[in-house]
Amino acid sequence: MKHSYLTAIILLGVILVIGIGSQMLGIRLYDRIATNLMISLVLVVGLQTFMGNSGLLSFAHIGFMGLGAYTSAVLTIPAQMKSMALPDLYGFMKVVEISPLFAMIAAGLVAALVAAVVAYPLMRLSDAAAVITSFALLVVLYTIMNNWSAFTNGPRTLFGLPKTTDMPIAAVLAAVVVVVALAFKESRTGTLLRASREDEVAAAALGTNIPHLRWRAFILAAFIAGIGGALWGHFITSFAPKAFYLKETFLIITMLVIGGANTVTGAVAGTILVTVAYEGLRGTEGALNATSFGAGQVIGLTEIVLALAMIAVMILKPGGIFPNREIGHILIRARRKKEIVAQ
Amino acid sequence: MSETRLVVNDVSVEFTGLRALDQVSLFVATGEIVGLIGPNGSGKTTLINAITGQVKLATGQITLGDTTLSGLSPREIALRGVSRSFQIARLFNTMTVMENVEVAALAKGASRAVASQSAKMLLGELGLTVKADELGESLSYGDKRRVEIARALAAEPRFLLLDEPAAGMNDAETETLLHILAELPKKSGLGLLIIDHDMGLIMRLCSRLHVLASGHTIAEGDAAHVRSHPAVIEAYLGKGAVNA
């Protein structure tokens, strides 16, 4: 328990330093990158609550992010703009306009509710079957977002969300999600779920109800994804369903897997590392394209390098940078060992 | 505490044409230690798997007191008070030893505080306190087995089924284990069913033995009776050994 507090303090410290650092530099580009980083933290740490503890890879997370973003959009776009932004919206919804804070909570609840209904039968599946069905779920959610024009404006861009997300708000939410993830991991549900991740047969022989535990974690992850979606929606202010599909799914899974899915520390480290690499590579790509050297344009450098980095990490360190222990646990153990040696 | 019995009645188990167990009957009462022995492939582990619901029965039934266990899932059987260890230790590898043991108490519904307290106590009893913070995967064979036993006990079972608990232990460790196991029925009224190939351990520990060969019961009774039983000698040493 003690090491969980230390882990929380360190991870929150990192978020604080990045937040304050980006503000002090006062460069708008850095402010945007830092805000994106905080939003990614919400999503990746949210994914960790399910994937890390259950050991099941979930592709559906970004789909729930999309649900959250659209829910918040429908609830917050000003009434006079709605006839333009969402011309087909049902009549009674046209007058609804609530504060972004409540809309964000609603976004989380809608995502959690949908997750609770669709995931209940799915949580009996393990291994490859669980991964494939989560992918199918992403496809279903994406198709619905693309076609339920009344709510989403179809495949076209939806605009008009009030810009209420800034760096400090995103940082505060990221910090809250980190604490929730750490608490969930150490909770009774989290501990039993981790046992089932390690050995399903042995966990069942002790009397754990594995599908039910997974279901709870899946709902929590979807709730956080919904919140993350609303947060992102009010930062970017206009988006289309294609924002919630394969590219983003791959990105957050890369972040989590490189950092280490089993730990919250890993989720945070992976998000920071991949964000920095991503922005660096994008800058390089842009700089290369701006020069007159070479024959053509450099396209896809960012994606290819990230994919190679993922492969390299899987080969060299299959569990990610922080495979088993949280940072607080590592530090306390190291100190204890030093004390033993000193004696 | 009144005596309860875990009863295996006429149980058969089939794996695609192969009869792994053929009409086996035995019982374990609370407060006693029963040894389950027999050559490799005789169906010992299959019998434990049948009791804990990991394999389906072809015939027969299993009861604990008035409750029928056969047909229930492993989870439901565990919650009714039957714990087990596995022939090849199945620890939760990337969790600490402490967490490994806590899980068992949590699964039974204990609070976090109670689970942590009983885990600490059991680790102490089994001499694992110094390992509490190590990961399951980093332990030696002998330590893994002891963690598995601590974990099974943390569930506070009425019946404990141990599949080769002494495998991979050295003599000193086996001796310690023997004392711990011998105390269990007296202390908590637990019923114990033990599979092991260490005949010394089995003979000293068990009040009754049950011998399987090729899925059949070939002998049962106390140690002296079983040891001199012709069918047992034949099963272990081959035909001809009986008269030698």
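Glycine residues also receive a Cβ, built from the backbone N, Cα and C atoms like all the rest.
Automatic prediction, not curation, is the source of TrEMBL annotations.
Features as listed in TrEMBL:
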type	residues	note
TRANSMEM	A:6-26	transmembrane segment
TRANSMEM	A:33-51	transmembrane segment
TRANSMEM	A:57-77	transmembrane segment
TRANSMEM	A:98-122	transmembrane segment
TRANSMEM	A:128-145	transmembrane segment
TRANSMEM	A:166-184	transmembrane segment
TRANSMEM	A:217-237	transmembrane segment
TRANSMEM	A:249-278	transmembrane segment
TRANSMEM	A:298-316	transmembrane segment
Note = Maximum Cβ pairs under 8 Å to the transmembrane segment (A:249-278) among A:6-26, A:33-51, A:57-77, A:98-122, A:166-184 is reached by A:33-51
Inquiry  = Check the transmembrane segment (A:166-184) against the transmembrane segment (A:298-316) for contact, please; criterion is three or more CB pairs under 8 Å, pairs 6 or more apart in sequence.
reply    = no
Task = Could you pull out which residues elsewhere in the chain have a CB under 8 Å from any CB of the transmembrane segment (A:6-26), counting only those six or more residues past its ends?
result = 33-34, 37-38, 41, 167-168, 171, 174-175, 178-179, 182, 264-265, 268, 272, 326-329, 331-332
Remark   = Sequence-distant residues near the transmembrane segment (A:57-77) by C-beta distance (under 8 Å, 6 or more away from its ends) are 43, 46-47, 50-51, 85-86, 89, 93, 96-100, 102-104, 106-108, 110-111, 114-115, 130-131, 134-135, 137-138, 140-142, 145, 151-152, 158, 160-162, 218, 221-222, 225-230, 232-234, 239, 241, 243-245, 248-249, 252-253
Ask   = Where among A:33-51, A:128-145, A:217-237, A:298-316 do we find the most Cβ pairs under 8 Å to the transmembrane segment (A:98-122)?
value = A:217-237
Ask   = Is the number of Cβ-Cβ pairs under 8 Å between the transmembrane segment (A:33-51) and the transmembrane segment (A:217-237) three or more, considering only pairs separated by 6 or more positions?
value = yes
